[in-house]
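Database features, via TrEMBL:
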{"type": "ACT_SITE", "residues": "D254", "note": "active site, nucleophile"}
{"type": "ACT_SITE", "residues": "E289", "note": "active site, proton donor"}
{"type": "BINDING", "residues": "252-257, 315-319, 384-389", "note": "substrate binding site"}
{"type": "DOMAIN", "residues": "109-470", "note": "domain 'Glycosyl hydrolase family 13 catalytic'"}
{"type": "SITE", "residues": "D385", "note": "site 'Transition state stabilizer'"}
Amino acid sequence: MKFGTQMTPDGVRFRLWAPLVPSVELEVDGWSLPMRQDVRGWYEVEVPGVNHGSRYMFCLPDGKKVPDPASRYQPEDVDGPSEVVDPLAFEWTDLGWRGRPWEECVFYEVHIGAFTPEGTFRAAADKLQDLADLGITALQIMPLADFAGRWNWGYDGVSLFAPDASYGRPEDLKALVNRAHELGMMVMLDVVYNHFGPKGNYIPLYAPILNDKDTPWGPGLNVDGENATVVRDLVLANARFWINEYRFDGLRFDALHAIEDSGPKHLIQDLAEQTRAASDGRHIHLIAENSYNQASWLRRRDDGTPWLYTAQWNDDLHHGLHALVTGESQLYYQPYAKRIDLVAKAFAEGFAFQGEYLARENRMQGEPSAFLPPTAFVSFIQNHDHAGNRPAGERIGQLVPREAARMLAALYLLSPQIPMLFMGEEWNASTPFCFFSDIKELGDIIRKSRAEELGDFPEAQKARHIDPMHESAFLGCKLDWNERSTPASAEMLDLYKDLIRARSSVLTPRLVGIEGYSGTSEVLGAQAFKVRWTLADGSELNLAANLGALPQKGDWRDIVPLWCEGSFTEDTLGPYTALFWLT
């Protein structure tokens, strides 16, 4: 890797791209050394005797000391010295691991800091057996790039190659991945390439890393302007880095729609191609978050394999289900309110909006997606965004009746789209998942923007005492694992285990080779619908669902259920019912 430190037989080579300054010095282990500059703006120096664990910084002409933008570890946070990490020091025991096929994925999204009381990589590794027993096959970790402060969702990262020190050391993260592989579990990492966090990014002092194209979170990266080649190389190197040095099994790319690129090859395409090329023969899965719902990035080759991205998070399905079952119509739920047809369409075809005008966004939304297999979509009933972007961080289990929560679980776990749980969902955790940040300099701005954005929720007044900048907001989100032993939580946990087991044994084998145009849908009533999918073996999976509290009339004779969550008779679908059967 041309960025960051490189171990040599006698020491360490240090490199920095700093074309905006005339000189750079390296300070390492108490020594100060001038760095050689080439015509492209790269500074370099090789220092004998330096080794794994040495601390260093770069000194700019004005005396400002900055960390390495490609630091592998920041033990004293984003403003402190970088630490040399030997990428070969960790002893992997999973060298035979090749990953798992995409159809076997059952995702589990975690925030490392809130997943356990300790909030560390090591503590998370100790919980992996519980997830394996649940039936989880893929751990989805929220962003880890080093951020300012002690707690953060992770989307304010500034040191892309350094796992945040609040969670542990680099070798602790590698041990987590290694342990997951021992249990047959893949590990995916959420990465952010559309912006840098608002504090701790020193690169603009010496290199043209940013552009003038604003994102909702600040300036975008310079991926298509003058000097963009090195910036693109940095991003692409980072994606390969997580696959190669940490042996992640795939990446989830945050807000790809926010990456503007007018160059000959879009960075979105480059990212997918180069990340896949780093796979070394392993199964590598690439997941998109894309609010524009551009199905073209999900296209399949003639053999059914992904051209670029394996799948996209299906917000349409989540929004539609949430709006129908809770009755909410605030913010992004508004276009889905009382639209059972959109829920049915999202189950059958992927996107609910496929080129229609969306008034709330004032744009044409989405592209046709029925040509894609249902496995090109990741479905969920909650995730970090949709719990955290509420005033009090309520989970779906706190918003709907228990029988509705059970129905929702069955709906997405037994449908052909790839399911993703959010940590604690399987036992209906009572702990919230709020937005939290420790960037103190922006405290007032964050508080004000959150209050304005979420003021339409009915619980907004009640939640005003939750300060996203206070440590209590973060600590209150930590899962209480003791809840699992209570009767109600144990019952929900058993349900999830049974649903995942049914999916694995009955549905997963029938998904290998499933094609596009496999789903059709029908509206049965204001809160009821039916979907039929043609599976890869030619069999048909049928779903009849009633999302409401009142019975739905229909003809359900001669059905042998694969699963019924709720109740049905020959002529009635009971309240909050998900009925699956094969034909």
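In case you wondered, yes, glycine gets a Cβ from its N, Cα and C as well.
Keep in mind that TrEMBL annotations are predicted by a computer and have not been checked by a curator.
Packing around D385 (substrate binding site) is summarised by its Cβ count: 19 other Cβ atoms lie within 10 angstroms of its Cβ, all protein chains included. Between the C-alpha atoms of R252 (substrate binding site) and the residue listed as 'active site, proton donor', the distance comes to 7 Å. Summarised as a single figure, the pLDDT of the domain 'Glycosyl hydrolase family 13 catalytic' (109-470) averages 95. Residue pair the residue listed as 'active site, nucleophile' / the residue listed as 'active site, proton donor' shows a Cα separation of 5 Å. Proximity of A255 (substrate binding site) to non-local residues of its own chain (separation of 6 or more, Cβ distance below 8 Å) is seen for V192, N194, T215, E289, N290, S291, given in sequence order. Taking a C-beta cut-off of under 8 angstroms and a sequence separation of 6 or more, G388 (substrate binding site) has the following same-chain neighbours: W153, F433, C434, F435.
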